[in-house]
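S.K.: Pulled the feature table from Swiss-Prot, pasting it below:
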type     : residues           : note
SIGNAL   : 1-21               : signal peptide
DISULFID : C38-C98            : disulfide bond
DISULFID : C54-C144           : disulfide bond
BINDING  : Y55, G57, G59, D76 : Ca(2+) binding site
DISULFID : C56-C72            : disulfide bond
DISULFID : C71-C125           : disulfide bond
ACT_SITE : H75                : active site
DISULFID : C78-C118           : disulfide bond
DISULFID : C87-C111           : disulfide bond
DISULFID : C105-C116          : disulfide bond
ACT_SITE : D119               : active site
Amino acid sequence: MYPAHLLVLLAVCVSLLGASAIPPLPLNLVQFTYLIQCANKGSRPSYHYADYGCYCGAGGSGTPVDELDRCCKIHDDCYGEAEKMGCYPKLTMYNYYCGTEGPYCNTKTDCQRYVCACDLKAAKCFARSPYNNKNYNIDTSKRCK
């Protein structure tokens, strides 16, 4: 084998080893994003909910800052219950549809049904809750105690 081929092979192997240490992204995040867009009829981009208040986004602590943030806390709690059932909510894929009346779930397994219900409830809650720009990207160390 040529030395250049060995270097390429070595580089591929090293990159694969490094990639195996990277945690996977939540698989149902895209589905949740579409449920949100369906529920709010596209009135606000889904990423606006990724860093809102004390609970929308990664983690969560303290008292929710408003109704929308309470939706995220309820969603977090729902995922916690799903985990107690032995489900992996961030990795669970499910079937859903966006109909004229909004999104709805159409899934087969208990975990799929439960996780889809969590996401559906949150998406509908987001759609009916006011969005306060002042609660986007807040200093959680000060406001979420």
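Even glycines carry a Cβ here, placed using N, Cα and C.
Looking at the shown structure, what environment does each listed feature sit in?
M.R.: The Cβ neighbour count for C98 (disulfide bond), using a 10 Å radius and every protein chain shown, is 14.
C144 (disulfide bond) carries neither a helix nor a strand DSSP state and counts as coil. Cβ environment of C144 (disulfide bond): G53, C54, G60, S61, G62, T63, V65, I138 lie under 8 Å away, each six or more residues apart in the same chain.
In this structure, D76 (Ca(2+) binding site) is part of a helix by DSSP.
Non-local contacts of C72 (disulfide bond) by the CB criterion (under 8 A, 6+ apart in sequence, same chain) comprise Y49, Y52, G53, Y55, C56, G57, G60, P64, A122.
A simple way to gauge crowding: the CB of C125 (disulfide bond) has 17 other CB atoms within 10 angstroms, across all the protein chains here.
Of all the Cβ atoms in the protein chains shown, 23 others lie within 10 Å of the Cβ of H75 (active site).
In the structure as shown, the Cβ atom of C118 (disulfide bond) sits within 10 Å of 25 other Cβ atoms.
Cβ neighbour count for C111 (disulfide bond) (all protein chains, 10 Å cutoff from its Cβ): 18.
Taking a C-beta cut-off of under 8 Å and a sequence gap of six or more, C116 (disulfide bond) has these contacts in its own chain: Y94, N95, Y96, C105, T107.
With a 10 A radius on its CB, D119 (active site) counts 28 other CB atoms from all the protein chains.
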S.K.: Give the sequence-ordered set of same-chain residues, not counting Y55, G57, G59, D76, with Cβ within 8 Å of the centre of the Cβ atoms defining the Ca(2+) site.
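M.R.: Counting only non-site residues, the set is C54, C56, A58, G60, C72, K73.
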S.K.: On a C-alpha basis, identify the one among C38, C87, C111, D119, C125 that is nearest to D76 (Ca(2+) binding site); the candidates are the recorded positions.
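M.R.: Result: the closest of the recorded positions to D76 (Ca(2+) binding site) is D119.
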S.K.: Sort C98 (disulfide bond) into helix, strand or coil using the DSSP assignment.
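M.R.: SS state of C98 (disulfide bond) = strand.
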S.K.: How big is the gap, in Å, between the Cα of D119 (active site) and that of H75 (active site), rounded to a whole number?
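M.R.: Checking the Cα atoms of D119 (active site) and H75 (active site) gives a distance of 7 Å.
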